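Trainee: A single structure is presented below for examination.
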Amino acid sequence: MGESRTELVAWLNDLLQINYRKVEQAGTGAAYCQVMDSIYGDVHLTKVKFDTKHEYEYVGNYKVLQRTFDKHKIDKVIPVDRLMKCKFQDNLEFVQWLKQFWDQNYPGGDYDAVLRRKSGPVKTGAVRTGPMATGSRKPGPGSGSTRTTSRTASGASGRLSSGSASQTTMDNHSSSMIIELNKQLAELKVTVDGLEKERDFYFGKLRDIEILVQEQLDDLEAKGQAMNGEAPDAPVLKDIQAVLYSTEDGFEVPPEDEDVVAGGGHQDFDDETF
């Protein structure tokens, strides 16, 4: 039975002194090249791109890998097109084969992965919280376990640091949003206050007109002129009054005690819109 993906990733990290988190990350081809170098020691790692961002760099890595296979007459087809997609299953199967090949062919002794790369630690996109150990790899009981534990602790610390940074960023973003929303709320309150003052201003004028019209009609009625049509102003006054009292469908007239102005004096207006 093949080793699990967790065991395989731990093996790659321990052998190559890298910090992969998923087996799919090996799909760039860089790790495959250096595993072969740990066996034969003749892979041109200076041509291998570990910090890859473009597909053409993946292709370059696999060209180096294929030349190594050809040179050492390794009868294994490299499924480049599938591996380059960095899919889990394809890379898992290839890493499983590579681990078996390494177990059978690794000459033993020390292998200094970082020194062989001649370019410092590999950048894999994962958070790294400190410098990685650069000592030579010497197979032996517990050595892989110790390094794996150390990197696991380092990785956990990195995830915590990353989480704290993310939380701080979210808190800062939330604070900025709160400040912006409070600013918008203050502006809306100023707008509402202005509209209410404007409403009360025009409402007061309409009430004054209503009172004047009613007083004129009352005066005409008292003189007996409104009923017999002798006062030419009566129809106009009634039309004005009809406009003042007209409402839209569904509008409910407020109770009379909330709407009457006694003697035409000062009135504290309610919040209803006229």
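FYI, residue positions are counted from 1 along the chain as it appears here.
Cβ atoms are placed via backbone N, Cα and C, with glycine included.
Below are the features listed in TrEMBL for this protein:
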type: DOMAIN; residues: 2-103; note: domain 'Calponin-homology (CH)'
type: REGION; residues: 122-173; note: region 'Disordered'
type: COMPBIAS; residues: 144-166; note: compositional bias 'Low complexity'
type: DOMAIN; residues: 170-253; note: domain 'EB1 C-terminal'
type: REGION; residues: 251-274; note: region 'Disordered'
type: COMPBIAS; residues: 251-260; note: compositional bias 'Acidic residues'
Trainee: Mind checking how the domain 'Calponin-homology (CH)' (2-103) divides into helix, strand and coil residues in DSSP?
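Mentor: Counting residues per DSSP class in the domain 'Calponin-homology (CH)' (2-103), I get 69 helix, 0 strand, 33 coil.
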Trainee: Given the model, what does the mean pLDDT over the domain 'Calponin-homology (CH)' (2-103) come out as?
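Mentor: The answer is 94, the mean pLDDT of the model over that range.
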